[in-house]
């Protein structure tokens, strides 16, 4: 019997190294281009406004960066809608308990930061319990589908229905809505959708933050509700993928004990038929 754990560790490290090399290859040159272009724009700005020196310009850039870190969009004016109205606050609370954490908005007061810590302390386990129950409901629905499909290959049909329906509801159609409302391309909307539902949450794309657009009050609240159900679905997909990967590795690197094969066969014949697909909750 060969242990597949060291091979999994090596494969995991190799996957990280591969990702690092690809990201470096794709992004480093673009970053250098944008950095040079930004420095050129600052030089042009100083040439056009001779009353300013470089130090004053750098101080103003610092003010802009601090404003952005505090969640204030430098574009527009003071009439921009508040980041902390009820709809936006509801959306922020959802990003806290789901651990998405876009990073474009965070509490700036000490009281808000302390409350956020304790809110997350109890909210994250509550969110996990809620997603667990939601996952059990989806799993029960899958078992119901399995009873409906009474023919060979029903597990594959069931899994195909689950993946197709969830993909349409959570990954295909939402980018169309975000593209229309936010003015993004479909690719940008799809990127935002997956990065959000996987709880990666870079914060480079966030809904409802463009000061030049007028959003309905419940837009971000509805988005938060969509995120919760999308999280449950994608978590099931990830769990199935992890379960299948572990099973594949075990079948690949563990040889069956032939001495127990006959006993196992008899046991399987005596036991009632179990569902052919397991969706971890």
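A Cβ is built for glycine as well, from the same backbone N, Cα and C atoms used for every other residue.
Any TrEMBL annotation is an automated prediction that lacks curation.
TrEMBL has this to say about the protein:
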TRANSMEM  6-26  transmembrane segment
CARBOHYD  77  N-linked glycosylation site
DOMAIN    79-138  domain 'Potassium channel'
TRANSMEM  86-105  transmembrane segment
TRANSMEM  111-131  transmembrane segment
TRANSMEM  157-177  transmembrane segment
DOMAIN    168-246  domain 'Potassium channel'
TRANSMEM  189-207  transmembrane segment
TRANSMEM  219-242  transmembrane segment
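Proximity of distant same-chain residues to the transmembrane segment (86-105), defined by a Cβ-Cβ separation under 8 Å and at least 6 residues beyond the stretch ends, is recorded for 68, 71, 116, 119-120, 123-124, 126-127, 196, 199-203, 206, 208-209, 217-221, 223-224, 227-228, 231. Listed by sequence, the residues of this chain that lie at least six past the ends of the transmembrane segment (111-131) yet keep a Cβ under 8 A from its Cβ atoms are 93, 96-99, 228, 231-232, 235.
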